[in-house]
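These notes concern the structure reproduced below.
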Amino acid sequence: MAPTSFQEPTDTHNHDHLVKSTDSQHPANLICTLCEKFYHLGWVAGTGGGTSIRDNDLVYLAPSGVQKELMKPEDIYVLSIAQQKDPKNRIYLRAPPSLKPSQCTPLFMAAFTKRNAGCCIHTHSQWAVLVTLLLETRPLNTNIFEINNIEQIKGFGKGFQKQGNLGYHDTLRIPVIENTPHEEDLTESLETAMDEYPDTYAVLVRRHGLYVWGETVHKAKTQAESLDYLFQLAVEMKKLGIPWLSDIA
Ligand SMILES: CSC[C@@H](O)[C@@H](O)C(=O)COP(=O)(O)O
Ligand SMILES: [Zn+2]
């Protein structure tokens with residue numbers, strides 16, 4: 001697929017006010033703070049991974065191919081969801097000069113438009129990748145990660161437009177999609193996985209990583225942390241021969 005084109009803003013001031021704020025909770029500041037933390041977790045190493053935040057109609061996201069842990073608020077792109085008529089030709093309110101928007105943009109947009117998410121995190125966590133590799137091999141050979149009877153499962157919401165969190169005995173299910181040579185070509189299968197598993201807050205990408213979202217930055221971050229904990233646990237359980245599903249009731 002040809003790379004998605006985008007229009008540079010015509011405004012010569014480039015709308016710096018959209019990303020400059022003394023408020024640490026402003027999306028442009030938060031993306032930088034979070035990516036710096038995620039780097040130390042191994043989630044955004046070597047320019048991979050990223051984070052995007054939606055504030056009502058405005059979406060904030062990173063440039064492509066930059067060291068995500070070193071970004072500054074002035075590096076952040078901003079777009080208005082209402083202005084997007086053609087996903088192949090995105091219109092940006094603010095675009096830093098000499099950079100391109102993240103290749104993850106259409107995947108982040110799927111979380112915002114199909115699930116009304118307020119934040120979407122993409123990690124290249126080795127635990128996530130290892131789980132997809134384990135699921136790829138026999139006897140598992142499946143495209144769904146399932147685990148139950150682990151306390152950390154209670155860190156997940158029940159699903160889209162549902163109140164409350166999963167319980168200890170509930171089974172957490174995370175679908176797996178196949179990787180593609182270009183990140184943006186993952187969009188169709190990510191959207192299909194969202195349709196097939198309407199309550200999921202995350203999709204694993206085989207041999208690549210994870211997309212995880214939430215209604216708020218807080219929920220996206222804590223669900224990302226809970227998942228990474230569970231993926232690491234699952235890898236260790238597999239090494240010890242302990243099944244991920246148990247019938248304890
Ligand atoms: C290590 S390169 C990784 C990229 O190809 C991609 O998978 C990714 O997660 C980041 O894309 P980017 O366009 O830099 O935001
Ligand atoms: Zn990636």
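Keep in mind that glycine also has a Cβ here, set from the backbone N, Cα and C atoms.
Marked as active site, proton donor/acceptor by TrEMBL: GLU151. The DSSP secondary structure for GLU151 (active site, proton donor/acceptor) is helix. Taking all protein chains in view, 9 other C-beta atoms sit within 10 angstroms of the C-beta of GLU151 (active site, proton donor/acceptor).
All protein chains shown were included, and the count of other CB atoms within 10 Å of the CB of CYS104 (substrate binding site) stands at 24. According to TrEMBL, the feature substrate binding site maps to CYS104.
Taking Cβ-Cβ distances under 8 Å and a sequence separation of 6 or more, the neighbours of HIS208 (Zn(2+) binding site) in its chain are HIS124, VAL129, THR132, ASN179. Secondary structure from DSSP puts HIS208 (Zn(2+) binding site) in coil. The annotation Zn(2+) binding site is assigned in TrEMBL to HIS122, HIS124, HIS208.
TrEMBL lists 10-20 with the feature compositional bias 'Basic and acidic residues'.
Per TrEMBL, the feature domain 'Class II aldolase/adducin N-terminal' maps to 29-235. Restricting the average to the domain 'Class II aldolase/adducin N-terminal' (29-235) gives a pLDDT of 96.
The region 'Disordered' annotation in TrEMBL covers 1-21.
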* Structure fact -> Densest Cβ environment (other Cβ within 10 Å) across the binding-site residues HIS122, HIS124 belongs to HIS122
* Asked: Around the Zn(2+) site (HIS122, HIS124, HIS208), what further same-chain residues have their C-beta within 8 angstroms of the site's C-beta centre?
  -> GLY48, GLY49, THR123, SER125, ALA128, VAL205, GLY209, LEU210, TYR211
